[in-house]
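Visitor: Once you've had a glance at the structure underneath, I'll fire off some questions.
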Amino acid sequence: MAKEKPILNVAFIGHVDAGKSTTVGRLLLDGGAIDPQLIVRLRKEAEEKGKAGFEFAYVMDGLKEERERGVTIDVAHKKFPTAKYEVTIVDCPGHRDFIKNMITGASQADAAILVVNVDDAKSGIQPQTREHVFLSRTLGISQLAVAINKMDTVNFSEADYNEMKKMLGDQLLKMVGFNPDNITFVPVASLHGDNVFKKSDKTPWYNGPTLAEVIDAFQPPEKPTTLPLRLPIQDVYSITGVGTVPVGRVETGIIRPGDKVIFEPAGAVGEIKTVEMHHEQLPSAEPGDNIGFNVRGVGKKDIKRGDVLGHTTNPPTVAADFTAQIVVLQHPSVMTVGYTPVFHAHTAQIACTFMELQKKLNPATGEVLEENPDFLKAGDAAIVKLMPTKPLVIESVKEIPQLGRFAIRDMGMTVAAGMAIQVTAKNK
C-alpha cells in the first residue's frame, strides 16, 4: 500500500460574506472530493430558495438550518487531496456568536487561509476579519495566506486587487505580527474557479500560484512527540465487558499500552490497557490522534471531561494561579480586578478570577503602555494574573504550547483570548 500523504489541517477564516464556504466548496469540487452531480442538485436547491450561487457553500453548510440562513455554524471538516497533502479543511464560522467555535476550530489548524472580498477595499476591513486574524495569531497559527475573492465583481482589476492587498498589509497583518512580505496573496473568483485549483486566463497580470499551490507550499506540522504526554479528556464511557473508556485527542507526547498514567486535577492513577482509534487497537498513539483507551484502576466516576491525562513521571500541571497574556476582543464595559468569567482551556471550562492587572500592552508590538492599569477594555492587550475558582490544568506556552492557550467567555460571547506565560503549580 502506498504511503498516505501527510495530513495538513487548514482553517478558512474571514468575514461571513467574503465567500469562504464557496472557496472551500470549489477546492473540494476541483480537488475531486465531491461528486459533480451533487453540485448540480445543490444548484437546483439553491435556485429554488432564491440563493443562486450558494451551491458550493451548501457542501460545507451541511446543517439544514445553516442552509436556510446561509451561515456556517458548526466547524465542518472536509478533506481533499492536493499534489502534496491530504488537506483537512476547518471551515470556521464567520458570525460573531460563533467565535467560540472559531477558537476551538482554529486551534486544530496548521495553517490558515484568510478569505476577503476585494470590494472591502472601499468599505474598509470588516471587524470580524480583524478578529479572526488576531485570534488565529493568538492561537498559534504562524502560516497564513490570503485569498482576495470575488475578483469577477471588479472585472479582475489589478488596481483593485493591489489596493486590497496594501490595505490588508498596512491595517491588519502588520498590526498582529504577520509580515505581509512573507504572505502569499491570490486573486480568486471562487464561484467560477479562477485561480483556486486552475490558473485563470482572466488575470494575465498575476503570475503567482493558485490557491491549491499555496496550500502545498505550507510546511507540515512537526508532531510534538518529544513533549510530555498531555491528553485532555472529551468524554468518559463505561463499556460493558471492557470497563472505563475515556476518549480525547493526544495533544503532545506518546501514549502506549502499559503506561502508568495520572488524570489531573482528578488525581486518579491507573495503567493503560489498550489504545484504539476507529475501532482498531494501536501499539501507540501520537499527537493529533483522536483515541479511546481503557485504563485499569480508574472508574467512570473518578474522571470527567476537562481532566488531562499525563504520565505519572510527569503529571499535568494543576494551577494555583497563572500569569497570562490576553487580548480583550469585546466587552460591553471594562474588566477590573475581581472579574471572574469562564475560561475555556482545552476541554475544560472553569471560572477564573482576575487577581492583578499587571501591564497594558500595545497589541501590535507587545511594548508596555501602562503598568498596573485600573481596567481593561475592548481592544486592549495585557499581562494579568489569574486564579482558577476550581482546579484547572494549564501549562505555560513556553513548555507545552498546546495546553497554554485559552478563550474567555462571558455573557454568551468570547470576551478575550490568551495564553499562559507562567504557571504556579498547586502543592499536592
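Placement of Cβ uses the backbone N, Cα and C atoms for every residue, glycine included.
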Visitor: Which stretch, out of 43-46, 63-66, 91-94, is listed as region 'G3' by Swiss-Prot?
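Guide: It is 91-94 that Swiss-Prot describes as region 'G3'.
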Visitor: Given the ranges 5-9, 70-74, 305-309, 315-319, which one is assigned the annotation region 'G2' in Swiss-Prot?
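Guide: That would be 70-74, the stretch labelled region 'G2' in Swiss-Prot.
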Visitor: If I go by Swiss-Prot, the feature region 'G4' sits on one of 149-152, 389-392, 409-412. Which?
Guide: 149-152
Visitor: Which one of these stretches, 14-21, 222-229, 366-373, shows up in Swiss-Prot as region 'G1'?
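Guide: In Swiss-Prot, residues 14-21 carry the label region 'G1'.
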Visitor: Using DSSP reduced to three states, classify G14 (GTP binding site) as helix, strand or coil.
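Guide: SS state of G14 (GTP binding site) = coil.
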Visitor: Between the Cα atoms of M151 (GTP binding site) and S21 (Mg(2+) binding site), what distance do you get, rounded to the nearest Å?
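Guide: Checking the Cα atoms of M151 (GTP binding site) and S21 (Mg(2+) binding site) gives a distance of 16 Å.
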Visitor: Cβ under 8 Å to the region 'G4' (149-152), counting only same-chain residues 6 or more beyond its ends: which ones?
Guide: 18-19, 22-23, 115-119, 160-161, 187-192, 194, 202-203
